[in-house]
Amino acid sequence: EEQKEENNSTECSELGIMDLKFTSSRKYISISVPSKSQTMSPHIKSVDDVVVLGMNLSKFNKPTQFFICVSGVFMFYLIYGYLQELIFSVEGFKPFGWYLTLVQFGFYSVFGLIELQLIQDKRRRIPGKTYMIIAFLTVGTMGLSNTSLGYLNYPTQVIFKCCKLIPVMIGGVFIQGKRYNIADVSAALCMSLGLIWFTLADSTVAPNFNLTGKVII
């Protein structure tokens, strides 16, 4: 029995030493977290850098930056929408939606190459496969949108495009597992209904609900 007690005490002391060693070893474990500048992409100089059309807006305060960006989005989308409607009002142009898409993406490619030359940064940070998938989906989206104008008038196309936020949110729930609160859902519905109401407010314009056009859009 004495021998057993000695063995037990020896085992306990060994376990205690191991535990002390483990505890002491844990004391010196350190976790290093990289700083923001290390985790950011090399081409991003600062978190606060906001560059629009080559102009750095960092010298302005946040509300001014927001106002400039929002104004730019509205201005260029209005110009884009006006010119697109003007182009498709030309007699005989309606069947050439995919040709317009080709011209659009030709200019996008040229502008992208110019930007690459200006920033002198040609490193690829995203796999080529991802680029191809995004390019295919973007071309398909814009090509079908342009083609739909061969069957729908512009206000009808706008009405259907205004509603796309709703299926996007539904897809986010079922595909990405997102959860939206009442405020998010209400904002999406108000924005979609407001844009539709604004489009239909022009009493001189009658929407053209062509079945083929609706499927395409």
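A Cβ is built for glycine as well, from the same backbone N, Cα and C atoms used for every other residue.
TrEMBL labels come from automatic prediction, so no person has curated them.
The transmembrane segment feature in TrEMBL is assigned to 66-84, 96-119, 131-152, 158-175, 182-200.
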Folded-back contacts onto the transmembrane segment (182-200), same chain, C-beta under 8 angstroms, at least six residues removed: 155, 158-159, 162-163, 165-166, 169, 207
Cβ-Cβ under 8 Å with the transmembrane segment (131-152): same-chain residues at least 6 beyond its ends: 84, 88, 94-95, 97-98, 100-101, 104-105, 160-161, 207-210, 212-214, 216-217
Other parts of the chain folded back onto the transmembrane segment (66-84), taken as Cβ under 8 Å at six or more residues beyond its ends: 50, 52-53, 57, 60, 100, 146, 149, 154, 158
Chain residues outside the transmembrane segment (96-119) and at least six past its termini with a C-beta under 8 angstroms from it: 43, 54, 84, 87, 139, 142-143, 145-150
